[in-house]
């Protein structure tokens with residue numbers, strides 16, 4: 001065999017392999033760039049344009065007239081968000097509500113995940129499926145369930161009045177309480193799942209060693225279990241906090257006039273006022289607020305993905 | 001073994017499960033209520049199921065949602081699997097950081113942002129290329145594929161990391177081209193993860209209200225959109241009947257999955273014993 005021909009063939013094959021490799025990488029990269037990254041650039045662009053009575057309802061950023069290129073960068077939408085206290089209150093309300101709900105989820109979810117990880121092996125899969133099952137049904141319907149429970153003529157009020165504990169119904173629907181309980185209820189499985197994944201990987205030998213060396217249970221928990229499950233705490237908390245900040249369905253169905261949340265404000269700005277530039281500016285500011293938690297979650301997640 | 005005092009975490013697990021299941025139980029019970037007032041019990045009746053099946057708007061929305069979910073889940077499995085494969089098997093390449101960010105970000109991105117940004121994209125695309133002239137099933141399909149593929153990628157990547165890499169390398173050392181290696185070795189091993197990813201994507205697509213509301217047009221109403229416009233007006237026993245059916249189907253599917261997973265587990269253990 002002539003070495004030159006063989007090397008030519010192998011280099012041709014190598015080229016084909018390289019090409020194939022690039023094509024495989026390009027498929028998800030191009031799709032996600034087009035349908036995930038590029039849209040954010042458009043949100044930024046439209047947040048800088050002026051609202052107009054047109055289809056679509058915003059003005060151009062570039063205009064060419066009289067041999068000059070006019071660039072319009074309208075910061076008015078952002079300034080408008082600062083001047084109207086409604087928006088600042090909505091951002092604050094969202095962050096506060098999401099934070100409280102995340103904390104409640106963590107306090108409920110951690111012991112649940114801990115008990116699951118410590119349960120006999122043949123029970124673990126069943127328990128995991130039981131926790132996840134509600135999240136596979138329907139988000140909307142699970143939020144809707146609380147309307148029937150919390151309303152003035154709802155289950156809890158009927159029960160309490162029937163028992164003679166109260167005379168007039170407690171107002172629970174359309175309150176901060178209802179929104180918080182709705183978020184906790186809807187997102188609890190997403191907190192438990194990563195916590196369980198971390199706690200079940202925990203090496204029992206470490207806990208036994210700590211106990212053999214005379215560490216008390218609480219001490220062992222704080223010094224061994226808690227630090228080793230930190231990844232699960234971060235992942236679970238971010239999986240609850242970030243979507244909860246932008247939540248629309250829960251404040252719309254369970255909230256009232258005093259429960260301002262930014263997801264609902266954005267929805268109304270877009271669908272009711274048809275002010276696309278202000279809705280885009282609202283989205284940009286929300287994204288900016290969530291940048292740190294998203295990067296934090298991404299760091300953790302890509303470590304998991306690559307390790 | 002002695003009987004232990006129930007500890008704090010076990011009590012919390014039981015309470016947590018009660019918290020998760022009681023509201024769904026209430027929904028199911030009231031779907032059989034004769035009264036139109038959802039909160040007053042007036043005897044057993046199945047009339048709301050009859051009304052549900054006569055509601056043309058809901059039935060056609062179910063059909064629309066099922067079709068979108070089927071195609072979105074299928075495409076998301078292709079896209080997500082390739083993304084997961086590239087992330088776990090390709091070592092370093094240019095654009096890897098960008099790809100991994102775009103794979104994990106949709107998992108936590110608030111839906112209103114995703115929905116708004118995709119709508120703006122479709123509007124811009126229609127202005128420049130003339131497509132999509134009408135938003136509807138196709139645009140919802142693209143939107144759902146995009147966010148569902150992130151979930152598929154996470155599920156499949158977890159499986160790919162578990163799998164023994166050396167079998168694939170052995171096949172390639174023996175001269176099997178990468179494409180053949182993937183289809184005859186890697187794919188069969190990760191099939192359970194593909195099935196899990198497909199099911200997850202299917203339920204996510206069926207469930208989505210916010211993103212679909214942004215990118216849909218006048219032609220396409222998905223089931224969550226119809227349910228939402230009804231629920232906004234207040235509680236309705238017809239929706240309870242629908243909820244009961246959804247809970248029933250998901251429970252049966254989960255039970256089936258549990259049965260198969262447990263059987264596989266026992267088989268594997270038995271095989272290990274024989275060795």
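Just so it is clear, glycine is given a Cβ too, placed from its N, Cα and C backbone atoms.
Residues or ranges marked as domain 'ABC transmembrane type-1' in TrEMBL: A:91-297.
Annotation comment: TrEMBL describes A:89-113 (among others) as transmembrane segment.
Below 8 angstroms of C-beta separation, residues 112, 116, 119, 182, 185-186, 189-190, 192-193, 196, 249-250, 253-254 of the same chain, each at least six residues beyond the ends of the transmembrane segment (A:125-145), sit close to that stretch. Taken from TrEMBL, the feature transmembrane segment applies to A:125-145 (among others).
Look at TrEMBL and you will find A:177-199 (among others) tagged as transmembrane segment.
Residues 94-95, 97-99, 101-102, 105-106, 109-110, 113-114, 183, 187, 190-199, 202, 206-207, 210-211, 262-263, 286, 289-290, 293-294, 296-297, 300-301, 303-304 of the same chain lie 6+ residues outside the transmembrane segment (A:220-245) yet bring a C-beta within less than 8 angstroms of a C-beta in it. Per TrEMBL, the feature transmembrane segment maps to A:220-245 (among others).
Distant neighbours of the transmembrane segment (A:276-297): 40, 43-44, 46-51, 56-58, 74, 77-78, 80-81, 87, 91, 95, 234-235, 238-239, 241-242, 245-246, 262, 265-266, 269-270; these residues of the same chain sit at least 6 beyond its ends, with a Cβ under 8 Å from one of its Cβ atoms. Feature annotation from TrEMBL assigns transmembrane segment to A:276-297 (among others).
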* Determine which residues of the chain contact the transmembrane segment (A:177-199) at the Cβ level, with the cut-off under 8 Å and only residues 6 or more beyond its ends counted. => 97-98, 100-102, 104-106, 108-110, 112-114, 116-117, 128, 131-132, 134-135, 139, 142-143, 146, 150, 225, 228-229, 231-233, 235-237, 239-240, 243-244, 247, 250-251, 253-256, 259, 261
